Each structure stands twice: as C-alpha cells, then as structure tokens.
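Report on the structure given below.
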Amino acid sequence: MGLIYVLLVITVSVHITVDGVIANPLSNFVTVPNLGPTHPMDNPDWVPPTAPTREKDREYWLTSGQARLRRQLELNEQNINVAKNVIIFLGDGLSIPTLAATRMYMGGEELELSFETFPHTGLAKTYCINYQVSDSACTAAAILTGVKNNYGTIGVSGHVPLRNCPLSLQESNRLTSILKYAQEDGRSTGIVTNTRITHATPAVAYAVSGARYWEDDTELPPGCVDIATQLVHGDIGTNLTVALGGGSRHFYPTGTLDRNGEPGRRTDGRNLVDEWINDAVARELRAQFVHDRTGLMAIQPELVDRLFGLFSGNHMSYRMLADAQREPSLQEMTIKALEILRRNDRGYVLLVEGGRIDHAHHDNLAKLALDETVELHRAVESAVRQLDESVQETLVLVTADHSHTFTIGGYPVRGNDILSTGDFSRFDRMPFFTLAYANGPSYADHFYENGGRRNPDDMRDRFHDPDFTYPAAVPYEDETHGGDDVAVFAKGPWAHIFSGLYEQHVIGHGLLFAACLGPDTFHQSDACRERLRGGTATPIRGLAQLLAMLMVIVYIRTKTLLLV
C-alpha cells in the first residue's frame, strides 16, 4: 500500500507548476514562464468565432440539403454506353487532405474542385505488392495495366525485382497498358504531363523497364532499352498521337543543347528528337515537334497527325513560378491534345498527369502543392467543357497514384487563411500551422536542435512565399509518400462502377471494361459485344435488324407457298 502511495505522489508531482515553470512531459524540450493564459480560449474575454450569417439559419441547411439530394438523384442515372473516349487525369500525390486544403486555398471550405462535382466517387488502396507505402511506378501500373507490381518497376509483373534487366525482358513478365489496347483498336492515344515525360507515371503508359531510373542510357544495364528510346521507337511510343511534357535532357546527347538551350545527358551520341522527326517523315506522317508555348499554340490540329513537345530539360516549372510566355500550362497542353485526338472517329485514350503536386509535397512546399492542384482542377474543367456533344461517350476519371504525409490540424476558425497559423499550443504557448507534414527536409526550419519549436509568429512575413516550407515532425531528406487510400472521381459511361472501396488495380479493369478494350477473355458488357473491332455499334444493330426482317419475309413466303 505504501508503494502505491509513493507512485501516486510521483505521478501527481510531474504535472504541477514549480517555480513558475510548467512541469510536464514536454519540459524536456522547452520551458516557458507561466505568465497569463496559455491559450486564447482560456482568456475570460475570449469571443468565440461566428459562422457566416446564412449558415446560422436551419433553413439554409434544409434547403441546400434537399437541393443536393435532387442533384444526386439526377446525376446517378447510369450511363452504360461504350466509352469511345477515355481521359485519365492523374494527380501525382493528390491526397484527400490536399483536396480539402486546396478548396480553402481557393477561397472557402464550402467550394468544390471541378472534378469533385462528378457523380461517382470511390476510394482506392495504393500499396505496392512489396511496400506498404507506394511510389508512382507501381501505382501507375495498377491504374494503366490492371496489375499491381513492385516498387520502382515500369510495366512489368511482380516477378521482376527492382533493377533486374534480364527478367524485365521476358515476355511473360511484361504488362500491357490501356494505351496499347487502344492503339490495337484503332483509337488515338496521348500523354500530357508537367513532369519529365520519361518519369514514372507517363513511362508506364508506353514503356517496360526494370527500373524507373533508366530514363536514358547513363545507368542502363546491357541488353535493356532506356525509357526515352522506347518513347521514340517502342511498340506503343512510336504510335502515340500526342506526347507533351518535360525531360528533353534524356533525348539529347551530352555536349549538345536542346532547343531551349538546356544540355543533353545521353552518352550514346543519339539525338532522339531528330530520330522521331525522321521516322515520321519516313512514314509520311504530318508530324510536328515543339519546344515552347508559342510553337504549341500555333499548332493547327487538322494539319497534324503526330505531335511531340518537350518544354524543359527537367520537369516543367511550377505554374506559379513558370515563364508563362515560354512554358504552356497543363490546361493548355490538355486542350491542344484533345483537339488533335478527337479527330479520330474511332475514339481515343488520353493520360494527363498533374505531376508537380507530388514534387512540392516532397519539399514541404504546401503552397505550391495546393497551387498545382488548382492547375489540375483547371485542366479537368476545360477538358470537360471541350467535350461538347461527345460528353455522353467519354469516360473522364480523376484520381491520385498515392498520398503524402500532409495533414490539416488544430482548431482554426472558419475562413482562416489555410497557409497561416490556426491554433495555439498550451504547452509551449506558441501558435502553430494548420498545415504540416509527418516528415521532410523542413524540420530544421521549424525546430531547434534541442527539440523546441521555432515561433511561427516570427515567420509571418513569409507565410505566402512559394518557397516557404511547412513544419515536418521528423527530419528526412525528402518528404515521403503516404500509405492512405486516395479518391477516385468518375463521369461518363460506366462511371458508376468506380464507386466503393477497392484495390487500385480495379481502376485499370474498370477502364478497359468501359471502353471495350483488353483481351477477349476479359468481361465485356452487352454494348461491347455489339461493337466489332473496326466498326461501331450502330451499323451492327442496323444489320441485325435487316437480317431479322429478311428472315420474317422468307418465313411468310414459305408458309404461303405451303398453303398453296
């Protein structure tokens, strides 16, 4: 009994105030004089925040709830047409907290991004088969091929470990992307990204490689083909209708400069851009290569069969920091691609990656991550508007490959600047940011070496700078991805099948099903069975009706002759 009493005394004593200093578990890291209230809410004169006037009335919520219900009922009518066209928007690193924070960045918690208005929403599990937290290569494989695989590998099955060249060459280990199936079906295909076009996500669309790092020949093992070469000469790459992005350094040899004056990295002496142009000429294709916004915007879609654009040696610039006269926006690239692709009556498949959301998160640059999400929002909004009469036969899907360790926390008042501090800690008596990361390179920007926090009030003049980093709880050279589920938004034919919670590779199977693509052994809808390769459903229905009429006529004539 005496021992229990002693333990209780010790337990209570660690929580009392001694000599004006807070004695609590955090006192190992920081000590603060006990002066006045420790939190604004503890002040007796504190005034609670007030809501927007209209939201105080119950009628607002009843009316808006009924309006949304009617909209849901209207939008949830199922479209079971063949998806002649498929547009896949992939926000690299577009976590669910990123979506929520972007709404506030745009001006209000109640706002919606363009794709958040889509009628059908689901959740996808993002792990690789060998990692709990994924990268962009294995997640792109799930979405574009319908097969999950190993971290860092491009378009190969799980039998291929990272950096294994020989196993990646075996036909049984190679995966087929939706772009390949589309090309076999006579449809046009395109890739748009603001990353290097040889980067992990776009590479999975057209390449097969034992490692995402083999973008050119500098680290390439003997016997394998680098990703840039596969874009120009590969089975899928050579038949791409449109390819727009960054990464020109992987297409030009060392000792030379690209058309924007940036150096090449290839050690084999090959100029793949010249090879692409020469190949198009040999095939009598009307092909155009562009290297800046002026060249892209001057393209006349009806005069171009193939379009290739490389606008930066590395990744394209963050839109907020870009030279808008030189680099096109993601929105502009997407619209130009659609203008060319839609000329094919058979249909098209377009992959659009908003890839720089991911890069900003990796550097703890929250403002740039949110701004890049706005850029994706604009690209989706413009693309849907561009569809016009083809909207009922176009499946538009917006998702992310993986999340990040990005969080929204504290109890900030309604309408608080999302980039600012939003709450106050009673332990160290300092405000803290609403946005934060679990890890990353910004740790030292916000913590002293002894573990105490730096005061955010001393940073107020920098909150809105694009290069301002947000707090990371653990020091890490490059903020990591997150392992949580990501959202899937769908609109158009068979969009309803993307509702629910599922493994990420189910997205790939849903896309193939909706578009009537993939092996004959895959499940097909009734609409697909009516659409023969090289034709459309309408003439087949007409032929069937004609044959039925002929059979009826023959039957009647036969019966008449028998009666005579």
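Quick reminder: no glycine exception, Cβ is built from N, Cα and C everywhere.
Per TrEMBL, these features apply:
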ACT_SITE  Ser136  active site, phosphoserine intermediate
BINDING   Asp92, Asp358, His362, Asp401, His402, His481  Zn(2+) 2 binding site
BINDING   Asp92, His199, Thr201  Mg(2+) binding site
BINDING   Glu353  Zn(2+) 1 binding site
SIGNAL    1-23  signal peptide
Query - Candidates Ser136, His199, Thr201, Glu353, namely the recorded positions, that fall within 10 Å of His402 (Zn(2+) 2 binding site) by Cα distance - result: Ser136
Query raised in the report: Where among the binding-site residues His199, His362, His402, His481 do you find the Cβ with the fewest other Cβ atoms within 10 Å?
Result: His362
Report summary line: Apart from the site residues Asp92, Asp358, His362, Asp401, His402, His481, the 8 Å Cβ neighbourhood of the Zn(2+) 2 centroid comprises Gly93, Asp135, Ser136, Ile357, His361, Ala400, Ser403, His404
Query raised in the report: Listing them in sequence order, which of the binding-site residues Asp358, His362, His481 have their Cα within 10 Å of that of Thr201 (Mg(2+) binding site)?
Result: none
Report summary line: Cα nearest His362 (Zn(2+) 2 binding site) among recorded positions (Ser136, His199, Glu353) -> Ser136
Query raised in the report: Who sits close to the residue listed as 'Zn(2+) 1 binding site': which same-chain residues at least 6 apart have their Cβ under 8 Å from its Cβ?
Result: Phe89, Leu90, Gly91, Asp92, Ile191, Val192, Thr193, Asn194, Thr195, Thr201, Pro202
